[in-house]
Amino acid sequence: MAVAVFPGCAGASRVTAHPWMRAIRCSSFSSPSPCPPLPPHSSVEPSTSLPSPESSSASSFFPKRGKTLELVCESLAFKGTGVCKVADTGFVVMCDRALPGERFIGRVSRKKGNYAEVTKLKTITPHWDLVEAPCAYASYCGGCKTQNLHYKAQLKAKELQVRDLIIHVGRFSSTDCAKDCIFKPIVPCDMHFHYRNKMEFSFSAQCWVPSDGPRGGQDLIENGYALGLHVPGFFDKVLHIDKCMLQSEATNKVLAIVQDCWRDPSLGLSPYDVHTHRGFLKHLMLRTGRDKMTGFAEVMVNFVTSSYKPEMLDPLVRRISTIPEVVSVMNNVTSSVGNTSVGEQEYTLYGKSTINELLRGLTFNVSANSFFQTNSYQAEVLYKLIEDFANLKGDLSEIVLDLFCGTGTIGLTLARRVRHVYGFEVVKQAVSDARQNAVLNGIHNATFIQGDLNKIDGDFGKEFPKPDIVISDPNRPGMHLKLIKYLLNLQASRIIYISCNPATCARDLDYLCHGLPEKNLSGCYRLKCVQPVDMFPHTPHIECICVLELC
C-alpha cells in the first residue's frame, strides 16, 4: 500500500483509497461543492486494482446485466451488503442479503462503475455462523437483515467495516493504527431484541406479499389493507406485520389491538393511498419510555392522519387505553402527500402529551416528534463512553461545545462536571426540548441555540468562549466543509466525534487530521481512538465514537 505524507500533524500519514471506496467518499460529501479529487499521485494495491471500463478486456471483464453467476460471499460491506468476486476476473459484485460464506446463484441487475449489483436467486450452500431467525418477517421487511447470522459474527463484520472505512476512506495507515491501538473492540449490546423505544408503522390500501420463489421473483399485491413496514426501496409497498421483535412487549400489545380492529368495516377507517392521496390513516408511531418515579414502562401511541377526526379514532383509543402501560395517545395531522409522520397540528386524545425517559441519572421529556436515542438501554453505555473519552477534569472549569445536540442529551449528561455547555441544533422543536430538559433536571449551565451548522459564516463562535472540548454528533451526511474549516481554525484541545455513518465519519477524520490541500486546509488533529458501539443488533447500523486530540 502506497503511503503519502500530507500537510498536517507531524508524523500523521494517510493512505490511498480503493476505487470502490472513492464513490463513498464523493457521494457522502455533504458540501454542495464537488467532491475534492484524490491526489494525482494516488495509487492502489495491485491485488485490488481493477481494469477501467475502457480497457480492451472490458467486455469480458464486466458481467452484463441479466447474466447469471455462481458466487461466494466473502464479507459484508457497510450497510450489510454482501461482497463477492467473480471467479477468474475478481470483479466485485454486491448482493443484498448475501452473508459471508454463502454460495449462491445471482443475476446481475445493475452495473455501477467498478462493481455490479446482483440479485440472489438461489442459495447453494448456506453462510457461515448460520442461526435460525426467530422473526417470521426477517427475510422481507429489511429491518433485521442479519437475524440469521450469529450475533458474534455480526459484531465481527461491523468491526471490520469500521476498520476498513477508517483506513481506506480516512486514509490512515493500518500499521500506525495497529501500533497505536487506535481501533478498540466493538462494544456489544446485551439486549438483542425488544431494544427499540420507537417504531413507526405505515397504513396501506394494498397488502404486499413476497413471492414464494426466489428474491427477485414476481411480488404479489393483495386487495386487503395493510399495517406494517415498508419493503426496502419502495414507498408504496407495505408488508403487513402483527408483531415486531425489535419493539417492547407493551407496544406489541398496542399493535395487536390496532391490527385486530382497524379493518372492521363498521368503523369506517380507511388507509391513506400514496397514489390517489385519499384516505385517513397514515402511520402508527409507538414510543416507549420509563416513569421517572417507578421506572416502569410507559407507552405513547401516535396516530398520524390526513385530517382531524377524533371521533373516527375514538373506538381505537378506548381499546388501546385499557393497556396499563399506555399513558398517552396523540394525533398528528398532516396534509402532506409524502410519507412524513410529523404533523402540522398535534392533538392529545388520551392521557398526557409527553412520556419520560431516564438516562444517566437525568429525566427527559419525550414528545411524539422528539429526537431521542432509539435504544435507551445502549445509550447508557454510549454516553458513559463519551464521558470517559472526554476525560473531563471535573473541576467545573471546562467549556463544552455540543454540535448537532438534538434534545441536549449528551451535553446535559456532561453539564454536571463542566463550567458550561453550549449546544447547537437546526431543528427548532429539538432546541425547545433541550431547554425544557435542562429546566426539568435543574441544570443552569447549559445554553441551547438554534442554527444550521451547514450554513455557518465568519461570525459563528463569537457568542461563546473558546471551548476546551467539542462534541460533534452529525447525522448521516456528516459535517459540512464549512464546519470542518471552523474546527481546524478553532483548535480545541479535544474533539469527540460520534457517528452513525462510518463512511462519512472516515472522510471527516481525514480532513481534520490530514487536511485538504485542494482547499488549502491543513489538518491539526491526531486520531487517538475509534470505538465502535453496536446500538442495533441484527441490523447493519453502526455507531462510532472517535477521539481526536490537537497535535
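Note that the numbers count up from 1, one per residue, in the order the chain is shown.
Glycine too: its Cβ is placed from the backbone N, Cα and C atoms.
Database features, via TrEMBL:
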type	residues	note
REGION	37-61	region 'Disordered'
DOMAIN	62-122	domain 'TRAM'
BINDING	Q373, F404, E425, D473	S-adenosyl-L-methionine binding site
ACT_SITE	C500	active site, nucleophile
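The Cβ neighbour count for D473 (S-adenosyl-L-methionine binding site), using a 10 Å radius and every protein chain shown, is 21. When the alpha carbons of D473 (S-adenosyl-L-methionine binding site) and C500 (active site, nucleophile) are compared, the span between them is 8 angstrom.
Cα separation, Q373 (S-adenosyl-L-methionine binding site) to C500 (active site, nucleophile), rounded: 11 Å. Between the C-alpha atoms of C500 (active site, nucleophile) and F404 (S-adenosyl-L-methionine binding site), the distance comes to 13 Å. In sequence order, F424, E425, L453, S472, D473, P474, N475 are the residues of the chain that are 6 or more apart from F404 (S-adenosyl-L-methionine binding site) and have a CB within less than 8 Å of its CB.
Across the domain 'TRAM' (62-122), DSSP assigns 0 helix, 35 strand, 26 coil. Other than Q373, F404, E425, D473, the residues of this chain whose Cβ falls within 8 Å of the Cβ centroid of the S-adenosyl-L-methionine site are, in sequence order, F371, D402, C405, G406, T407, T409, I410, P474, N475, I498.
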